[in-house]
Structure formats: C-alpha cells, structure tokens
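A short write-up of the structure that comes next.
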Amino acid sequence: MTPASSAPTTATSLDNRPKIGLSSAIIFVISSVVGTGVFKKVVPMAAELGSPTLVLLAWLLAGLVSLAGTLSNAEVASMLASEGGEYVYFRIIYNRFFAFLFGWTNFAVIRTASIASIAYVFAQSVNSLIPLPATPAAWADFSLLGLHPLENSSVKLLAIALVWGQTAFNIRGLRTGEAISRALTAIMVIVMVGFVIMGLVSGVGSVANLQPIDTGLSGSSLLSAMALACLSAFWPYEGWNTVGYIGGEIKNPSRNLPWALTIGTLAIMVLYLLMNLVYLYVVPVGDLAALKGQPNSIAAVTVAGTMAGSIGSLVLSCLLLVTTFNCCSITILMASRLFYAMSKDGQFFSRIDYLHPTFQTPSRSLLLQAAWTTLMVLSGSFDTLTDMLIFAAFIFYGATTVGVFILRKRMPDTERPYRVIGYPIVPGLFIAFCAYLVINTLINRPYEAGVGLLLMATGVPFYFYWKRKQPA
C-alpha cells in the first residue's frame, strides 16, 4: 500500500499513444451516458410525482441542469485538458487533497457503482429474454451488514461476468473499444429513434395520458418531490464528464473536448425527452408508477410490449443489451484512466500506474476497478446504487463549476478556447442547483447520502498514509 513513483512502471506513457478525433470523442460521450436510466428511471419518477407533465418537466429540468454543468465543465476542460479529467483540474484549482478525494470517491462510489448498475441491468435484460435460475430462498434471505448479497444471485453473477469480460477486452486497447462503440452507438440511436416514431404513430397511445393530473403537490412539497425525481433523472445523464479522463488521448483536446461534451449532451437530452414522451403517451403514469414494486420490470420493455406485443418487448430487451453492453464497456475504459493518473501522481495504490507491455493500457487499474465493482454488484439494488452515486457526483460537479469563477479571477489572461455561454448566470444557477440537490438528498434520502459520505471519508486515512510515503 505504498504510493506510486512519479513515473509510470513502464517506459511508455499514455501521451505517446494514437489519439482520437472529435467524432470519436462525441461517440464516447454518448456511449458513456446512454446505458440504463432512460429505460428504467421513469418508474420512480412517476411514483414520486404522479403527473405526466411533472415527469416530463423533471426530465427537461435535469437535461438543462446537466447541459449547464456540461457548458461549465467545458470551459475548465478547454484550459486544463489532461489524462485524469477533474482529478487534474481540482489539483490545479484547489489542492491535492481535494483532487484525491474526488478520485477516491470515483473509485469507492461514483464510477464503480455506475459500472455495477449498468452491468446489473444488462443481466436483468438477459433474464427477461432467457430466464436465469431462481435464487434459493435461503440464499436470498442471507443478510450481511443489512445487505443481501445473494439476492437475485443469478442476475448478479452474470453482471459480474460482464464486468470481468469487458475488463479483459479493454486491456486490449482504446482503438478496439472505439471501433465497437461506433457500431453499437449507431445501432442504439437508430433503434431508439425507431421506437419513438413507432410509439407516436402506432395508435396505441392517447393524448389523454399526457394531460396534467392534480397530485396535491405544491410549494415546498412540490420542490422536494421535483428534486427527488430529478435525482432519478440525473442518473441517465451521469457520465458525460468521463470523456475528460482520456483528455490526454484526444487530438487537440482544448478544442475537441468542450465541443464533444456540448454536442453529445445536447443529442442525449433530445433523445431522452422523446423516449419519455412515448412512455407516458402509451402507458398511463399510474401504471408506470405501479412498476416500482416489481424490481425486475423495465419500463421501456413494458411500453414496447403494449405497443407491439411480445415482438416489441423482444426488440427493446435486445436494445437494452446493446446499450448497457456499450455503456458498461466505455465506462470501464475511461474510469480506469483516472485511477492510473492518481497512481502516477503518487496518490493511489502502488503499481497501478503500470501499462501493459503489449497493449499499452492501464491493465492493473482496470483489474482493481473490476474487483471493487464486483463488491458493488453484490451490495445493493439498482436504485440505491444510482441515488448514492448521483449524490456524490453532484458535490464534485458543483466544485468544477466553482472552478470556472476561481480560474477567471486567478488566471484572467490564460487562453480559453471555449468560454461558458451565459457567464456568470449559467454556472451560478448550476452551482445553486447542486447545493440544493445535495442538501435535499441529505434530508430526504439520508441512507443513500450517508453511505455515499462514508465511502468518501474512507479515503482520508489513505491520503495521509500515501502523503507520508512520498519523498520530501
């Protein structure tokens, strides 16, 4: 448990590897974001809000907030683009401790829980197509520290197999992952657009399903419910910033990185709004809310079944396999670069800055990430994992945006290839929303917030241990 040296274990640096262009960076943004949430999260949102118009408003609000965060992040990225993304930004803007806390939280909660959640939904989708063996009741009831690691054991084992299989695949290199991602993203977008068109012209839905419903929510209760619904909606947008982790592997990152972030997020926002419009048009909001008590039900598959029977359910289940497989692979690839950068900087487990001698990939970082993700798969449910990681993520999203103001004051003359639109209003509103979401989650979801904070805090002893081991 000693810190890494200042140089990588092998002679080759990631800076010397072939680099990707703007179109590939956009593909990576879309691939790292569109995975599970757009197919599932309408259910807890419908249960929370009870009105189709409020659900769509929450999706729109989450999209606009994510876009504001993207635009703010893009200015910082255009100035400081480097391997490791926000880890490098925070080291420059704040200090090494805050940068470490960000990296550790991504390892302990944000990225590994994200990979675990995506892999879990992939396994659920397989289970809906080919039923997996049922978990014996004695296994399902087994409890460890309040968790049920053997519950849905067949689904969890398949999810774990996916994580390790894709980890082995990503050890073979960035270019291999890029080629596969391009093909899968094209298939994903085509099928999703086809789903939207079919839903709107099939005649199965009703405009009456989209009419406002009096839910009795008003004032503070409405704001609280909307914030909790947005907590669900932010999960489908989670991951747009991870392309920054491979900033050192993008051509002309000062220009291409902010454009990739902006274009990718806008495309995702439009696609999500259309998908959820179809869900609520075809199936009444109350029926969607009722799915919350069915852990293996997926809203999009239910809607597709209503539209086109078993064929529709089959097509959407296959689409889920494509999107979750693609998103899981890209997230595994990009997150590993963050932990590599930390180890190279002496702020993570020793020898994790190792590059595979043949493929020149951070293979040990990938393997360590897979091991911890395995524990995350066993630890909890999909919604618990995603709510926990969104809470933690928005602490750091807000910190990145505060960095826009700090850098404008501290480095006024530094070249900025991209400046956030609507400064200071856009970044200011995003910071305010981050603060509100974090506080509201602490009040209304104390378990998820508490576990997230606890996992963040576990890194503090490691920081001081590794700091002590560094040469003076």
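Cβ atoms here come from the backbone N, Cα and C positions, even for glycine.
Copied over from TrEMBL:
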| type | residues | note |
| --- | --- | --- |
| TRANSMEM | 20-39 | transmembrane segment |
| TRANSMEM | 51-72 | transmembrane segment |
| TRANSMEM | 92-110 | transmembrane segment |
| TRANSMEM | 183-205 | transmembrane segment |
| TRANSMEM | 217-237 | transmembrane segment |
| TRANSMEM | 257-282 | transmembrane segment |
| TRANSMEM | 314-340 | transmembrane segment |
| TRANSMEM | 388-408 | transmembrane segment |
| TRANSMEM | 420-443 | transmembrane segment |
| TRANSMEM | 449-466 | transmembrane segment |
Item to check | Distant-in-sequence neighbours of the transmembrane segment (388-408), which means Cβ under 8 A and at least six residues beyond its ends | outcome: 69, 72-73, 75-76, 79, 86, 89-90, 93-94, 98, 102, 105, 109-110, 113-114, 117, 231, 234-235, 238, 241, 414, 420, 423-424, 427, 430-431, 434-435, 437-438, 441, 445, 448-449, 451-453, 455-456
Next on the checklist: Do any residues, 6 or more residues outside the transmembrane segment (420-443), come within under 8 Å Cβ-to-Cβ of it, and if so which ones?
Outcome noted: 65, 68-69, 71-72, 74-75, 224, 227-228, 230-231, 234, 387, 391, 394-395, 397-398, 401-402, 404-405, 408, 449
Next on the checklist: Does the structure show the transmembrane segment (92-110) and the transmembrane segment (257-282) touching, where I'm treating 3 or more Cβ pairs under 8 angstroms (sequence separation 6 or more) as a contact?
Outcome noted: no
Checklist entry - For the transmembrane segment (257-282), which stretch among 20-39, 51-72, 183-205, 314-340, 449-466 has the most Cβ pairs under 8 A? => result 20-39
Checklist entry - Counting Cβ pairs under 8 Å to the transmembrane segment (314-340), which of 51-72, 183-205, 449-466 comes out on top? => result 183-205
Checklist outcome for this item: Given the transmembrane segment (183-205), its same-chain partners at Cβ distance under 8 Å and 6+ residues beyond its ends are 27, 30-31, 34, 271, 274-275, 277-278, 281-282, 300, 303-304, 306-308, 315-316, 319, 322-323, 325-326
